[in-house]
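Below is one structure; the comments refer to it alone.
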Amino acid sequence: MSAEILNPNLRRVVLASNNAGKLREFSALFAPLGIELVPQSELGVSEAAEPHATFVENALAKARHASRHTGLPALADDSGLCVVALGGAPGVHSARYAQQPGGARSDAANNALLVRELAAAGDRRAWYVALLALVRTENDPCPLIGEGLWHGEIVDAPAGEHGFGYDPHFYLPQQGCTAAQLAPEHKNRISHRAQALAQLLDKLRATGPVDRP
């Protein structure tokens with residue numbers, strides 16, 4: 001991948017997330033492209049609402065919100081875990097799966113609930129979904145969308161020190177380990193976010209750079 005494909009106006013992009021784990025992963029993925037990702041919290045932008053039933057709608061809402069409040073191009077990710085035995089849950093509610101009204105979000109609580117919900121399930125298949133939305137302006141009529149899917153299965157016992165979210169319970173048969181046991185640089189080559197980014201950049205190459213008005 002080469003930064004030569006990118007419009008100079010995309011050298012500094014606001015990341016529409018306050019999730020430290022996502023910031024680490026995306027910064028590592030975008031650094032080789034010469035793109036500086038600035039978390040929206042550094043620019044005084046609050047988190048956008050995520051009222052939609054699909055990942056793509058939530059990603060677009062967050063990207064437009066960040067661009068509106070900063071005047072910068074914005075990248076948003078909406079991602080989550082979908083479990084076959086749970087009918088696709090936790091899905092778009094992955095980050096707040098076990099959150100109580102007025103309570104804080106907790107990876108540990110989310111994972112504990114997931115394991116309980118699957119206690120009697122024989123089918124442990126699951127997949128991570130990542131939707132990336134890049135808008136050059138708030139009202140960009142042609143946002144760039146990238147989608148990535150990462151298939152695995154849920155295990156009861158957590159393993160691994162890397163990653164975040166459901167990674168310690170997300171087992172990858174082809175790798176022989178959980179996502180949390182992968183070295184970060186390896187995960188960043190094969191994860192759902194890496195796949196979504198590759199697709200987004202392919203679209204950017206195809207459309208060419210578009211100047212901000």
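Each Cβ is built from the backbone N, Cα and C atoms, and glycine gets one as well.
Here Swiss-Prot has SER17, ASN18, ASN19, ALA20, GLY21, LYS22, PHE164, GLY165, TYR166, ASP167, LYS187, HIS192, ARG193 binding substrate, and the candidate from SER79, SER106 in that same listed site is SER79. Ranking the binding-site residues GLY21, GLY165 by the number of CB atoms within 10 A of their own CB puts GLY165 at the top. When the record's substrate-binding residues SER17, ASN18, ASN19, ALA20, GLY21, LYS22, SER79, PHE164, GLY165, TYR166, ASP167, LYS187, HIS192, ARG193 are compared pairwise by CA position, the greatest distance found is 21 Å.
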